[in-house]
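**Student:** Summarising the annotation, Swiss-Prot assigns active site, charge relay system to 172, 247, 609. Under the heading domain 'Inhibitor I9', Swiss-Prot lists 36-136. Annotation source Swiss-Prot lists domain 'Peptidase S8' at 145-684. Annotated domain 'PA' per Swiss-Prot: 408-503, in sequence order, evidence recorded as sequence analysis. The annotation N-linked glycosylation site is assigned in Swiss-Prot to 233, 272, 315, 390, 417, 515, 522, 679, 713, 723, 760, 801 (among others) on the grounds of sequence analysis. The signal peptide annotation in Swiss-Prot covers 1-24 and rests on sequence analysis.
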């Protein structure tokens, strides 16, 4: 196989919290003689030999020991085949096998030369050779905002039972096992380890014996690819499941952290925290590291192990930073491994990405993956400063206030003798106390400039606070510099009175007042002080009731790209949206993921990384109530019950720009929010579900033009074994997307009644047609009993030639209170 025949793509995976930036791509293989390759074989992996999905699988809690034994025996056989192949082809040459993948995909990763990779690729039993690719790192109130205490939790017996018996696997940066959010001794209700979980707790110097318990029931780390490249420093990068970054600890706590854990930050008590499913079990698969991120070979190994261990749900707060090349975005090693995970009955949740708000910015592609975008919620921490002229200026900042008025001093007016602005060009940011004269600052409120360097992480609020404390200032106030205008500010913790004024207009009002009160030396006109005074009110108490939810500007948007040429897929993404802005979660005190919360045990983070675990936790509640639900059934329950309105009953809005996002917003479409905003209580009683299985996904993949050899590469299955193919719009999804409607198209949907009562329910069908499209649904009325399935015919006809996307909804309204919501999107319309 020549070089052009190798599947060569490199794309970053980002931990999608909005404070982290992705690194640029690089092709390391141009400068080294060997590299890590991912090799897949034609034969099928272990999970494909079960021939079962969900309810009969290991993940149903009913798997027999003989089933597990057969799976393990098959896995051992696959590993022997891998070793034999390497010995036979490479003989006594130098190579290093890193992993055998045997459960979800049949293959291995190894350090090879290009010639060795070519020789393996030429073997009949080998289907694919892919270069490893780089991966990189991208609540106290949300349970109440989502209605869990009086809704979904009550249905499960309260917070002490919510998520009981469900295992969530997190592919992330690890976990801090000492955090009380993961203790198994919080309540008197004893945890019991689910018998279907067979994972282990790795013991290292950084993760000593006793780190795991009956809550945190498994922990491993994966770094063979990183080690082979020499980029892993065992001491600096925590070569253990311990979280030295903070991100993994945060996401795990949002989904499944214990209920009622006190949140204390910068010495301030800020309420109590809880995960969405506080009784769910946690299994950690660390594959990303604080200094360099990680590599796909390690990510795939983590996913493969999580599935083999028996997790019920996988949370992925990572996404590629660009579309995978090839005939379709769905064909990449991670998504294809996750397809096998779905076959094993595992529900997979992935963050949409933080590349919004532009259209087609979606970073999660495949229909078997549940993709979550980010919204705001209704809690804010309001702060303000009262000036001596009786003007009150609002701002943000988790800080106490000053009880009395204090004089103000601008940073550039408090320099030491001999120090000038030219000597320290960034002195206005207050990053170095040695630049200032303490006598000029002591007992006053120090006024500093908040520039774009803070947004980039070059300067930090924490360092400015240290400066203010070293100078014994009475408080600290930031005004917004023009370079940072338009960026959305969050409430940073401050251990002295402080405030960040985020409005340019209010910042100018502060400076005008200060400058109007300047004191100058007679004769020289030199500034010797200011008569201006102010009082910081403080921002420790949250306020509620703002318009929420709204889709955040950073949340990636649809339509879902089918390939890297901007062709749109007939798949709706995101699936729905959930809280992802200013989310409190557990944090590792050693974490370096955010400057503002270093050394703290909780942090407030934003990003679709935070949205995904909200849905992961709610999915655990559904899995607890319906243990035999397929992944598609869980996805359907979440989607069809989603809310379309904000707390005021108005249509959910979506921010449209990065700068000044609250000024530029409009009603959210399905390409912004999918089915809508997650409704935890309704999702536990959806009435009807749209189910779909592995075979349907395979028929869909086989229907993509030119896909047969690629499908064989990844699954070991031939498209010829499937009697038919399915267009994407024909998948039995709880949504309809038609990228190009030429004339008329009819699609079918199957709904199954899973109501807990045996009584029949009669549904009336209603719809709102997209612009320039006519819609007809039949039957328009039907009665369905428990466990029964009905087929719905949906016919769409283009009325005009229009190239702009338009949206509609189909609703199924049951006489027992169930409402099933089906979003519709049609992009190109060509009337015939």
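Cβ coordinates come from backbone N, Cα and C, glycine included.
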**Student:** Nearest to residue 679 (N-linked glycosylation site) by Cα, among 172, 233, 272, 609, 801 (recorded positions)?
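**Tutor:** That would be 609, nearest by Cα distance.
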**Student:** How many of the residues that make up the domain 'PA' (408-503) does DSSP mark as helix, as strand and as coil?
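**Tutor:** Going through the domain 'PA' (408-503) residue by residue, I get 30 helix, 22 strand, 44 coil.
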**Student:** Ranking the glycosylation sites 390, 713, 760 by other Cβ atoms within 10 Å, which is at the bottom?
**Tutor:** 390
**Student:** Of the recorded positions 172, 272, 315, 417, which one sits closest to residue 247 (active site, charge relay system) when you measure Cα to Cα?
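**Tutor:** It is 172, whose Cα lies nearest.
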**Student:** These are the glycosylation sites: 272, 679, 801. Which one scores highest on other Cβ atoms within 10 Å?
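**Tutor:** Counting every other Cβ within 10 Å of each candidate, the maximum falls on 679.
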**Student:** Helix, strand or coil for residue 272 (N-linked glycosylation site)? Use DSSP.
**Tutor:** strand
**Student:** Neighbour count first, Cβ atoms within 10 Å, every protein chain included; then name which of 233, 522 tops the list of glycosylation sites.
**Tutor:** 233
**Student:** Between the Cα atoms of residue 515 (N-linked glycosylation site) and residue 390 (N-linked glycosylation site), find the distance and write it as a whole number of Å.
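**Tutor:** Just about 16 Å between their Cα atoms.
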**Student:** Count the Cβ atoms, other than its own, that fall within 10 Å of the Cβ of residue 417 (N-linked glycosylation site), considering every protein chain shown.
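**Tutor:** Step by step: centre on the Cβ of residue 417 (N-linked glycosylation site), count other Cβ atoms within 10 Å, giving 5.
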**Student:** Across all protein chains in the structure, which of the recorded positions 609, 723 has the highest Cβ count within 10 Å?
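**Tutor:** Checking each of 609, 723, the winner is 609.
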**Student:** Taking the Cβ of residue 315 (N-linked glycosylation site) as the reference point, list residues of the same chain whose Cβ is under 8 angstroms away and which are at least six residues distant in sequence.
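**Tutor:** Long-range Cβ contacts: 168, 169, 170, 171, 172, 251, 255, 349, 612, 613, 616.
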**Student:** Between 172, 247, 515, which of the recorded positions has the fewest other CB atoms within 10 angstroms in the structure shown?
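**Tutor:** Candidates: the recorded positions 172, 247, 515. Fewest Cβ atoms within 10 Å: 515.
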**Student:** How big is the gap, in Å, between the Cα of residue 390 (N-linked glycosylation site) and that of residue 760 (N-linked glycosylation site), rounded to a whole number?
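**Tutor:** With the alpha carbons as reference points, the distance is 66 Å.
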**Student:** Which one is closest to residue 233 (N-linked glycosylation site) in space, judged by CA to CA distance, out of the recorded positions 272, 417, 522, 609, 760?
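**Tutor:** Nearest in space to residue 233 (N-linked glycosylation site), counting only the recorded positions, is 609.
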**Student:** Using the alpha carbons only, what distance in Å do you get between residue 609 (active site, charge relay system) and residue 272 (N-linked glycosylation site) once rounded?
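**Tutor:** Each residue's Cα considered, residue 609 (active site, charge relay system) and residue 272 (N-linked glycosylation site) end up 21 Å apart.
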